[in-house]
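Annotation comment: Swiss-Prot describes SER107, SER172 as phosphoserine. Residues or ranges marked as region 'Binds glycogen' in Swiss-Prot: 1-96. Annotation source Swiss-Prot lists region 'Required for sequestration into autophagosomes' at 97-189. Sequence annotations record features per position, and here Swiss-Prot assigns region 'May facilitate interactions with the autophagosome membrane' to 176-187. Summarising the annotation, Swiss-Prot assigns motif 'ATG8 interaction motif (AIM)' to 127-130 and lists experimental evidence as the type of evidence.
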Amino acid sequence: MSNFLLVIPEDVIKGCSKADKLVVTGEFDNWRHSDYVLQYDGSTQNYRVQIPRRKGQRSTMFKVVINDKKWVTLNYFDTVTDKSGYTNNILHFKDNEASQLMDIPLSPHTRSNTAKGKPEDDSLNDYVNLSSHSDLSSTEEIVCWNSDMEDENMDATIQCDFHQAFNSRKESLNGLMCIAKKVKTYWNK
């Protein structure tokens, strides 16, 4: 069994003060909500706690308990409904494994000859545009088809300011590094 550092940004847990007791509970502690108290880190404005992870475990369900009374799920994480019908957050360990990430040196690579036998000197300014081809790509603009939709219907919508919340965090680069690793593997075939 190993430990996993769970980090939750301060602005994700709304309506709580630093005096409130915030406990993470889930499958890993049999929903006892006593051992895994979130600690606030003022320098990064995050709450942190180490949670256990069994070897080979790819995900775990969890919730946050506020002051031993209020059980909440957070829009920041994916949700799943368990066998009893309860909605819980789910944490995918595989997406966050540091062992899958590697340092990829980014340096210009010039080719010796093109198909016509001419050297390519302008490859130094080349770039690769990485985008998703899924139904809701992060690079696509989502247009609301019903402009009469009221704000109260949007309560369950996840809203994040990616420019503020994630720019200084190491975790924000992990996804980019995974994509870069896949691109590098593709090019080396």
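From the backbone N, Cα and C atoms, a Cβ is placed for every residue, glycine too.
Here the structure is a predicted model, which means the values were calculated and not measured.
Can you tell me where each of these features sits in the structure?
DSSP labels the residues of the region 'May facilitate interactions with the autophagosome membrane' (176-187) in these numbers: 12 helix, 0 strand, 0 coil.
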Residue counts in helix (H, G, I), strand (E, B) and coil for the region 'Binds glycogen' (1-96), per DSSP?
9 helix, 46 strand, 41 coil
